[in-house]
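Copied over from TrEMBL, here are the features:
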- Cys112-Cys121: disulfide bond (DISULFID)
- Cys200-Cys209: disulfide bond (DISULFID)
- 91-122: domain 'EGF-like' (DOMAIN)
- 181-210: domain 'EGF-like' (DOMAIN)
- 395-489: domain 'Fibronectin type-III' (DOMAIN)
- 545-639: domain 'Fibronectin type-III' (DOMAIN)
- 644-739: domain 'Fibronectin type-III' (DOMAIN)
Amino acid sequence: MTVSIGDQVVIEMTFTNRDFGEVSWKKDDVVLPKDTTSTRARSTIYTIMSASTSDAGIYYAHFDQHPYLGGFTRVIVRECPARFWAPPDCSESCLDCMHGGICDTITGMCICPPGFMGNLCEKACGSNVYGPECNHYCQADSCRSMQFCLPDPYGCSCATGWAGSTCEVECPDGLYGANCNESCECQNGGSCERHVGCICPDEWTGIHCHRPTISKKQFMNWSVRVFMCNAIQVYHLIANPDPVPPNINRTIDDSDQSSIRWHLTPFGIDGNWDFACSIDYRGSTYTHNLTVTAIGGPFPEIKTFHNVEANRDTTSSMECRVVTTAGVEMDVKLRNEQGDLIPHSRHAPGSRSSYYLFHIDALDENEGVYTCVATSQSGQTERDATFNVLDPPVPARAPSLITNSNGNVNLYLNTIPFVGDGPLEEIFVQYKLSTSQTWSTTGSLNPSTTSYRLENLNDETQYEVRVVLNPVGQAFDRINIYYHSVDQYVFEVVEVNDVSATSYVLRGLQQYQIYKVQVKLMKCGYVGPAGNILQRRTKEGAPGPVRELHVHPVTYASVSITWQRPQNENGIIRYYNISAARAPPGTNLSDVVVERADANEISYLMTNLKAATDYVISIRAVSTLTGPVVTQEVTTKEWVPFAAPTNIRFESSETTLNFTFDEIIESERNGVIEMYEAKLQDPTVTSIAVPPITQNFTQMSVMFDKLTPGRQYTFNVRGWTAVGPGVWSADAISSTMPGNAISV
């Protein structure tokens, strides 16, 4: 079933045999909670209150005692709410798809059920036909027992008029369409036919026979053309689209007094064109309405489709080039003599034309005439070409030696007799060192040549020599190299004009990607034998930069780091290098923290940092090479000071002590010192009833007064951040001056 985001979904499985008790539900082999399901007489129900894309999948209900007795269904969730398309915004409104058609989330077009066609699926084709143009036929019995699977989000269904798990159940009265999902609701005497829906009387039209075809209607304020036919006024007009586009080549033929003919080309607007013709007769106005659906775009045109000859037991390709028109959807397939349709293996779109490549194994059973079939909404075009399997000509005997002296070798070529297909057009002599893998090739020779002289060879060196025969029609003028990565559908083509070339370097490829490569010989528009498809992976490179780096402080000594893997990994990522450096960078290497995260991680907690400190966090992916660095600045959270003020000094009088001190060293402050707290205590007093004297202040000095003369005191001070107080300083011993003493 197909639903949209936000829809309520009810999946009901009906028991076809006896009830075996408790039922469990699974989605994609994961058991669903029991509280999400319900039961009623002979059925079990699973409900999704508001569908999301994560709800898409295969649902399976089975009896607990018999896990293999159950039923499956697939739920497809469109990525947009109902009646909208173009994710992620889903800002475009869908067409009003009819007869059970589904709005394609990506294109906005209607995907029609089997048995219906048109932009809106408005055309019912009847029983026993299917396809985008209703041009395919079932062999017998109205497509009974056949299930049709169309591109998502449509999914699979029976043909129109049939339902059931095996598509063998006829639609009951009042229902029609694929899986019998549509209700007729025929009005005005219409009758329900299970394959097409409502069949209307002549005077009514529409999906429910709800629109009159001939009706009494008054024309007012319409721009119409008026004719006089035997004293009867006749009006006719285009009611929709409004305004009518210019240059539609409209002509009107009213030479026949009994009829009026319109001729026009509906340029520019696809969809419904509504026409009306009206007559005034005996004081009343009668109108006939006609709707014509323009299913636009130019007729498809096949530009090239050439004959192909392929060497036996290789894989070759037939190439169909189709003219491209912006905005026109095109379906291109290959049909063999048995009527089987072969989908294209690769598609290379272009601004003016698109290439469709069909791979064919060069076997006897695949020889014959093939038809390239290009289908659009405007119609269908076909073009034939022949696929022939050849046995390459090979000399029956190896070349033989005539003379051998001073680095020069004379050979009999022994080209006659040969086995395989001929006649010959040219021959080549190839030779190589016995220890080498690379053949050197002479220029083209006339097939009547019987001997050849190889010159400037190395003395006392073993060579291998062979003769290559080219049959008529295979004197090729260039080499085409086709290649693409396995995760792409568009192939690239390189033309090599030197037909004697034995190697070529493909440049500009992606790193650590698997590519498929095939070599073909070409002559004018003729495609010659193709080599086997070779699959190779390029070497690893440095990974690209990580994406979406985010750094957040967690504590005074740690930060959380998250990221996404590089867009282009260019190989196998082994790990991530993560570092934290003081900002601005210091000169001390101890200020840099370097750690490593596993390759499968996308988050990391970095610890052992300093509080309230600015850091530059750097991360780079590492394979066999190191990728570029990505950085982000962060400040760790504040904490209480780890140290106290230092270098405490004091001045005294008989009743006062004035203390000064140096601020806490920067590396131990752990934030901004917002105030200091000091306490003064008589060390001889141990009773808790006599608490120390305390003061809070913001300067690096403090004075205590009203003290006892000649008394010894201990002094302590500590700093406060916004988080709280730090540690107390060590005791500083001080004394007031004795009474009547003079301070020097």
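Cβ from N, Cα, C; glycine included.
DSSP classifies Cys209 (disulfide bond) as coil under the three-state reduction. Counting every protein chain shown, 23 other Cβ atoms lie within 10 Å of the Cβ of Cys209 (disulfide bond). Looking at the domain 'EGF-like' (181-210) alone, the prediction's average pLDDT is 87. Here the Cβ of Cys121 (disulfide bond) has 22 other Cβ atoms within 10 Å, regardless of which shown protein chain they belong to. Using DSSP to sort the residues of the domain 'Fibronectin type-III' (644-739) gives these counts of helix, strand and coil: 3 helix, 43 strand, 50 coil.
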